[in-house]
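Database features (TrEMBL):
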{"type": "DOMAIN", "residues": "48-143", "note": "domain 'ABC transporter'"}
{"type": "DOMAIN", "residues": "264-475", "note": "domain 'ABC-2 type transporter transmembrane'"}
{"type": "TRANSMEM", "residues": "287-306", "note": "transmembrane segment"}
{"type": "TRANSMEM", "residues": "371-389", "note": "transmembrane segment"}
{"type": "TRANSMEM", "residues": "395-420", "note": "transmembrane segment"}
{"type": "TRANSMEM", "residues": "432-454", "note": "transmembrane segment"}
{"type": "TRANSMEM", "residues": "518-544", "note": "transmembrane segment"}
Amino acid sequence: MVNINYYPTRFSDNEGKTVTWADITVKVPLAKKSLLQCLKIVREPRKTKTILSEGKILVNGEQLSSTDMHCISRYVHQDDLFIGTLTVREQLIYSLGLKRCETTLIGVTNRLKGISCGESKRLAFACEILTDPLILFCDEPTSGLDSFMAVQVVNCLKDVARKGKTIITTIHQPSSQVFNMFDNIGFACPETYNPADHIIKTLSIMQDEREFLERVDKIRTKFEKSTFGVMLYRKSHGQESLQKVIGNKDLKKRKMYAVSFSSQFRILVRRSFLTRMRDPLLLKVKLIQVIVTALIIGIVNFQTQITGPTIMNLEGLLYNTIRDMNFIFLFPSISVITSELPIFLREHCCARIYSASAYYLAKSIAEVPEYIILPFCYSVIVYFMSGLYLAVKAFVIYCSVTTVVTNLAISIAYAGACIFGEDSLALTYMPCFILPNLVFGGFYISFHSIPIYYQFISYVSWFRFGFEALQVNQWLNYKTIPGCEDDATEVANSATNYCPAFSGKGLLVRRGMGTSEIVILINLAILFVMLIGFRIIGLIALLLRVRLTK
């Protein structure tokens, strides 16, 4: 037997002694996690205190590294994390005793109805045994289940064990029926006594109580001298090769991931695309939000006539377009990304199903159709309702700018979510980065009027490049401004006679903007480079987060 204390965590056993999985009983819940960390199964976050352990972990007499252990084993976590918009069949590729619910959505709490807790727990087992591991670690598989469902889950474990797999389970307060399903507990107890309570009470050690220490040491000594203890020692120290268990597979030659990068990318793209299509908050609600916002803007600026006094209205409309493409998509996307991070970290760091770069690239590609369609819907409504310059070329440029700005906003959301990791932190600090770019975007203050010590903000503001592209696209087509042909009207300062300039080019010069169509292409190129740049920043932040999690 082995005794595990937590003052802090200490695994106490005499040097050279053997511990068998069936005989480990823990009196502190946190100790089981420390035990799994010592077994190199649970990756320990660097922010937690390091677990120090001595000795060797042998599998059939051979010592394995953490990487080797992950190659032949899988770990079923206590809490089930799935992408709730997938069906069970899609999660598993094929079903494993879940045929009744194989086409049912897994479900999202308070949003999508899905499978039950028991089915979710069995799905967690199925996901881990798809790769046919030799060893399966299960962290409290009956947690949160009633006694009936707990029995069903343990029965699933026994079915897997009968197929020659090694199953190591930590279980908390099992019912009598579940407790009796385990073949080897290692210590007898009275028939009328709860077995789990008996073992915990028997092995509990009170600090500075010599009587308790002597009792536990006596139990350990008798076990070592028993027939079963001697047999266990010989078996664990024998020369049986691990090769007999894993066949002809060489652990050193195993790849980090089971499939190639292209296969990972293809599967993840499909999964991400299905997730986007099925979650009502990710598509339907956002589509309604875009349409309603565009209709409000279109109604307020409905068929605005081009005159001197209305120029400011249309300039505000163009800047509002850039602002909407940011705020409609940027901040909601942060929460969506951070909500998937725990699933990603489990599938990448613990299960090693796919690489971080494959996940990041696949998620980026899968969202492209959505972030082309949504800004296009906004552009169609606003452009034709507000009375902007009607021409196919001008409309195409308008749609191109809104699409690029939208995807740039998503890139910024990716970077912020991967850097901060939590939506609360990201939503707190991201406005400090976005608002200066908004203020110096060229609408509230002209480019040539910005103080020299603030001009660097203007040169990195995506609001500026988007607004300037839309301004040039709109006003360069007007050789004259209707009602502003007379010199006298330029200096008149009233609501009906004010004219900021005589021509569209004059309006651009007044704001310090370019006066040729090449400016549009240059600004679009700059926006696209910024889009790629923020995506790369997000990927680097994600890789660093993975590294810090290991």
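Cβ atoms are placed via backbone N, Cα and C, with glycine included.
Curation plays no part in TrEMBL annotations; they are all automatic predictions.
Against the transmembrane segment (287-306), the recorded stretches 371-389, 395-420, 432-454, 518-544 differ in Cβ pairs under 8 Å, and the greatest number is found for 371-389. Contact count against the transmembrane segment (518-544) (Cβ pairs under 8 Å) is highest for 395-420, out of 371-389, 395-420, 432-454. Panel annotation: around the transmembrane segment (371-389), residues 286-287, 290-291, 293-295, 297-299, 301-306, 314, 317, 321, 324-325, 328-329, 395, 398-399, 402-403, 405-407, 410, 473-474, 477-478 of the same chain, lying at least six beyond its termini, place a Cβ under 8 Å from a Cβ of the stretch. Averaged across the domain 'ABC transporter' (48-143), pLDDT in this predicted model comes to 62.
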